[in-house]
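Here the structure comes first, spelled out in structure tokens, and everything after it is commentary.
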Ligand SMILES: NC(=O)C1=CN([C@@H]2O[C@H](COP(=O)(O)OP(=O)(O)OC[C@H]3O[C@@H](n4cnc5c(N)ncnc54)[C@H](OP(=O)(O)O)[C@@H]3O)[C@@H](O)[C@H]2O)C=CC1
Ligand SMILES: O=C(CO)COP(=O)(O)O
């Protein structure tokens, strides 16, 4: 039997469900874990997850709320919101076989600890091998089988290659790297910058302003990444620039949609996870600790915490001293 035959997905949200489909398409034996027994039973029976309503789960995907059963897999995909990752992996950890790869698929940085997703996995499941999967990929697109490419990183490049082989298919193309930190920073920061992009569009500042915001946003993402030891090619790759371009370009992104509503003076969309709202304060704390200037992210954090109006934030950004690019 190949080394990585079975895959369990922890977290039956939109992304977890899409990734269960991905793994099934790649020929793996797949189990999708929902923490709520009623939800698990409903998904198992109807083959539809209301969190990704347009998709009918492949018949081969098992759905469970039994964490011990879910832990019996060659690969774990941990697909909860970033701030819930520690609890989810901690619950799983006692049941895992030693050296099981646990691939974090959340995009964010933990509040309080400033830990990145693989650091959270390493602490919550010390016997597991942490990895990260991130890149420009909407759950809906992926589940519908539209072509997507992402980055998959773990410290051991050989393992990263094997995980790519286990999960990849013609329409879901993971690229491997050992630059874990680069992948994590791109995914976390792009969500905050996508909120700013949505605000620019909601405020009708024009396509030129959106391009400027996205480019200067990339500049601050890359500054922080380099300060944290990330490689330039990762920051300019799928999980960095690629995901930033996607998320700053369409209201299909929940983070962009939040910014759009804020910019228009409307209420924030209800029941939609916008990770950037959680990441913004911790990203700014991390940048300050690294002495990295992140004016766009700081403005987003200030707007979200009501320390600054949108108009004052825009004026603040537009009146910064001119400097070299
Ligand atoms: N949606 C997308 O297109 C993409 C999302 N991502 C990232 O994936 C992560 C998850 O997003 P997404 O799936 O969209 O979010 P959703 O809101 O759709 O789903 C989150 C899921 O996590 C579950 N969950 C929360 N805490 C736990 C826990 N302790 N144990 C088990 N399950 C738990 C929730 O369960 P319950 O229903 O019981 O609360 C819910 O089903 C985010 O970090 C996001 O940035 C990345 C790429 C694409
Ligand atoms: O991460 C994503 C696309 O790569 C999903 O974006 P949102 O979380 O903003 O919807």
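Backbone N, Cα and C atoms are what each Cβ position is placed from, and that goes for glycine too.
Note that TrEMBL annotation is computational and uncurated.
Per TrEMBL, these features apply:
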type	residues	note
DOMAIN	7-159	domain 'Glycerol-3-phosphate dehydrogenase NAD-dependent N-terminal'
BINDING	11, 12, 13, 14, 15, 16, 139, 254, 272	NAD(+) binding site
BINDING	15, 35, 107, 139, 254, 273, 275	NADPH binding site
BINDING	107, 135, 137, 190, 243, 253, 254, 255	sn-glycerol 3-phosphate binding site
BINDING	107, 254, 255	substrate binding site
DOMAIN	179-314	domain 'Glycerol-3-phosphate dehydrogenase NAD-dependent C-terminal'
ACT_SITE	190	active site, proton acceptor
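Shown here: features listed in TrEMBL, placed on the structure.
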residue: 11; record: NAD(+) binding site; Cβ within 10 Å: 25
residue: 13; record: NAD(+) binding site; Cβ within 10 Å: 20
residue: 35; record: NADPH binding site; Cβ within 10 Å: 17
residue: 107; record: NADPH binding site; Cβ within 10 Å: 28
residue: 137; record: sn-glycerol 3-phosphate binding site; Cβ within 10 Å: 25
residue: 243; record: sn-glycerol 3-phosphate binding site; Cβ within 10 Å: 28
residue: 253; record: sn-glycerol 3-phosphate binding site; Cβ within 10 Å: 25
residue: 272; record: NAD(+) binding site; Cβ within 10 Å: 11
residue: 273; record: NADPH binding site; Cβ within 10 Å: 18
residue: 275; record: NADPH binding site; Cβ within 10 Å: 24
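For ligand 1, the nearby binding-site residues are 275; that is, of 190, 243, 253, 255, 272, 275, these have a C-beta under 6 Å from one of its atoms. Put simply, of the binding-site residues 11, 15, 135, 137, the one whose Cα is nearest the Cα of residue 35 (NADPH binding site) is 11. Each residue in the domain 'Glycerol-3-phosphate dehydrogenase NAD-dependent C-terminal' (179-314) has a pLDDT score, and their mean in this model is 98. For the pair residue 255 (sn-glycerol 3-phosphate binding site) and residue 107 (NADPH binding site), the C-alpha distance works out to 12 angstrom. Cα-Cα distances to residue 137 (sn-glycerol 3-phosphate binding site) place 15 within 10 Å, out of the binding-site residues 13, 15, 272, 273. The shortest Cα-Cα distance between residue 254 (NADPH binding site) and any of the binding-site residues 11, 139, 190, 272 is the one to 272. When the neighbouring Cβ atoms lying within 10 Å are counted for each of the binding-site residues (190, 254), the highest count belongs to 190.
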